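For reference, the structure is listed below as C-alpha cells.
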Amino acid sequence: MAPGAPWSSPSPVLAVLLFFSLVLCPAQAIVVYTDREVHGAVGSRVTLHCSFWSSEWVSDDISFTWRYQPEGGRDAISIFHYAKGQPYIDEVGTFKERIQWVGDPRWKDGSIVIHNLDYSDNGTFTCDVKNPPDIVGKTSKVTLYVFEKVPTRYGVVLGAVIGGVLGGVLLLLLLFYLVRYCWLRRQAALQRRLSAMEKGRFHKPGKDSSKRGRQTPVLYAMLDHSRSTKAASEKKSKGLGESRKDKK
C-alpha cells in the first residue's frame with residue numbers, strides 16, 4: 001500500500017472464513033478403540049483387537065504400533081509395527097516369535113494375536129494409530145490377564161442368570177395366556193350351547209300357541225256354519241208347517 005493511501009479494512013468474507021476455519025472447524029483427532037481387558041489361559045492364544053475412527057480416508061501411509069508394559073513395570077517397549085503395507089515384529093523381547101498380524105487397514109483394523117501365552121505376558125498393551133494427515137489423537141490400552149484356566153466372567157454369569165429368569169417368566173406368561181385362551185374358548189362354546197338350548201325351549205311353546213291360534217278361528221267358523229245351517233233348517237220346517245195349516 002502506498003504511503004498516504006487510505007487504510008482499508010479486511011474483507012468481511014475473509015474474516016468469516018477465517019472464523020469458521022479456526023473456531024468452528026477445528027482439526028478432528030483420530031480415535032483408537034481397544035478392549036478394556038482380555039483373559040487368556042497358559043499355552044493358549046489371545047487376540048488384541050484395535051480399531052480406529054478418522055475423519056480422513058485410510059491413507060497409504062497409515063501405521064499401527066503396539067507397545068507392551070509389563071505388570072508392575074514403568075517403561076513400555078515396542079513389540080510390533082505396521083507401516084507401508086508391511087508388518088514388522090521387533091526382534092527384541094519375549095514376543096518376537098509369538099506375534100501374528102491379523103488386521104486389515106482397509107477395515108480400520110490393527111489387531112494382533114499373541115500365541116503360547118505365559119504368566120510373564122501379564123501387562124498392558126497400547127495401540128497407536130497414525131492416518132496422515134490425521135495423526136493427532138490418544139492411544140488406547142488393553143490389559144492382559146493370563147490364568148491357568150480362564151475364569152468365567154461375572155458379567156457372563158450374571159447375564160446368563162438374568163436371561164434364564166427372563167426366559168422362564170416369558171414361558172410362564174405364554175402358558176398362562178394359552179390356558180386362558182383355551183378356557184375362554186371353551187366357555188364361549190358352552191355359552192353358545194346353552195343359548196341354543198334356551199332358544200329351542202322358547203320356540204316350541206311358541207309354535208304350539210301359533211298352531212292353536214290358527215286352529216281357533218277355524219273352529220269358530222265351523223261352529224258358525226253349523227249354527228247357520230241349523231237355523232236355516234228350522235226356518236224351513238216352520239215354513240212347511242205353516243203352509244200345511246193354510247191348506248187345511
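A Cβ is built for glycine as well, from the same backbone N, Cα and C atoms used for every other residue.
Taken from TrEMBL, the feature compositional bias 'Basic and acidic residues' applies to 224-248. Here TrEMBL flags 26-143 as domain 'Ig-like'. If you look up TrEMBL, you'll see 222-248 marked as region 'Disordered'. Residues or ranges marked as signal peptide by TrEMBL: 1-29. Summarising the annotation, TrEMBL assigns transmembrane segment to 154-179.
In the domain 'Ig-like' (26-143), helix, strand and coil residues by DSSP number 6 helix, 60 strand, 52 coil.
Confidence in the domain 'Ig-like' (26-143), given as mean pLDDT, stands at 92.
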